[in-house]
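Record features (Swiss-Prot):
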BINDING   25, 26, 85, 296, 365, 372, 373  N(1)-(5-phospho-beta-D-ribosyl)glycinamide binding site
BINDING   118, 159, 164, 165, 166, 167, 168, 169, 199, 200, 201, 202, 207  ATP binding site
DOMAIN    123-318  domain 'ATP-grasp'
BINDING   277, 289  Mg(2+) binding site
REGION    384-404  region 'Disordered'
COMPBIAS  392-404  compositional bias 'Low complexity'
């Protein structure tokens with residue numbers, strides 16, 4: 001496939017085929033963006049009827065950590081591009097697939113290997129690139145965890161080296177918290193490696209996501225780096241509950257944020273959109289994490305930017321030009337399931353959409369849990385404060401109910 005030169009017709013011999021590994025709500029939006037550009041999309045997830053399965057040309061259910069199953073599916077479908085949307089993937093097999101020339105992995109197989117767990121990316125950022133981070137240590141046992149805590153001090157955060165959306169994370173304020181945190185981390189890891197990172201607290205004012213796009217510059221034909229306006233967000237127990245764009249920052253803090261984002265994404269390489277998470281206090285910036293894919297806090301870009309993070313990702317991976325301009329101040333607010341049940345319904349949708357400048361995305365997840373993210377309310381306003389108020393009002397109007 002000639003990147004950026006031609007796109008074929010879906011379901012024909014000329015098709016440009018993209019396989020998404022992970023078909024949740026973020027993957028669903030990437031699929032829609034790709035399909036609008038005429039791409040044939042294959043969605044893969046670990047459970048049937050995932051949000052992205054519902055809109056893809058073809059859907060498959062496999063254990064993506066199973067190297068043989070992953071290789072067999074790639075050989076069956078023959079995608080031109082493989083786009084990982086989650087961490088729980090046999091990344092060593094992706095590297096083998098890429099080196100064998102079966103498909104191009106986005107952004108690169110190496111990037112997926114480094115970012116699949118917190119250890120790889122933290123060591124790259126802090127030890128190789130010299131970026132400012134919180135103090136940290138890694139532990140393979142309860143005794144090592146205690147030693148790590150002695151190094152970084154209380155309060156601290158313990159996380160599995162491989163998990164997502166806050167799973168397995170604990171805040172520790174004293175010795176009594178250590179053993180429960182270890183047990184919780186072991187239960188919360190996506191792939192149970194029995195290894196955790198312990199991070200010292202940073203006294204920050206706010207957190208941001210700096211969406212960073214590595215895309216072909218049409219003027220030079222080479223990869224350039226583009227930045228979206230910074231996204232502010234609130235997290236509870238490691239899960240994002242609302243986000244807004246733009247986040248006000250000092251000029252120096254913004255400059256430093258983009259320097260950090262540029263360094264870490266350049267080190268990862270390839271094309272695509274990256275979500276770089278940073279802590280900020282005054283003019284000071286610390287690197288937290290990076291995802292080589294659209295970020296949940298970036299759902300706000302569905303209303304705030306000319307092109308959403310999903311459209312930017314689609315364009316970048318296809319070698320097409322990008323435009324990261326802001327359209328209006330915007331905000332997103334999460335809609336939780338509120339109950340444990342399959343096939344729930346939603347009431348209050350009309351009331352939510354009656355909020356000025358508001359919109360909804362109901363993800364279509366087949367099963368609800370009390371704290372599962374089932375949708376998001378979006379809104380724009382004259383200011384981010386107005387947008388946040390509207391998004392929260394719209395989210396509060398939606399009521400998940402039993403369909404029984």
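Any Cβ shown, glycine's included, is placed from N, Cα and C.
Since this is a predicted model, take the numbers as computed values, not measurements.
Shown here: features listed in Swiss-Prot, placed on the structure.
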| residue | record | DSSP class |
| --- | --- | --- |
| 26 | N(1)-(5-phospho-beta-D-ribosyl)glycinamide binding site | helix |
| 168 | ATP binding site | coil |
| 199 | ATP binding site | strand |
| 277 | Mg(2+) binding site | strand |
| 289 | Mg(2+) binding site | strand |
| 296 | N(1)-(5-phospho-beta-D-ribosyl)glycinamide binding site | helix |
| 365 | N(1)-(5-phospho-beta-D-ribosyl)glycinamide binding site | coil |
| 372 | N(1)-(5-phospho-beta-D-ribosyl)glycinamide binding site | coil |
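In the three-state DSSP scheme, residue 118 (ATP binding site) falls into the helix class. When secondary structure is read from DSSP and collapsed to three states, residue 85 (N(1)-(5-phospho-beta-D-ribosyl)glycinamide binding site) falls in the coil class.
The two recorded residues, residue 365 (N(1)-(5-phospho-beta-D-ribosyl)glycinamide binding site) and residue 168 (ATP binding site), show a Cα separation of 22 Å. Mean predicted confidence for the domain 'ATP-grasp' (123-318): the pLDDT average there is 95.
A distance of 23 Å separates the Cα atom of residue 372 (N(1)-(5-phospho-beta-D-ribosyl)glycinamide binding site) from that of residue 118 (ATP binding site). The Cβ neighbour count for residue 168 (ATP binding site), using a 10 Å radius over every protein chain in view, is 24. The separation of residue 277 (Mg(2+) binding site) from residue 25 (N(1)-(5-phospho-beta-D-ribosyl)glycinamide binding site), Cα to Cα, is 20 Å.
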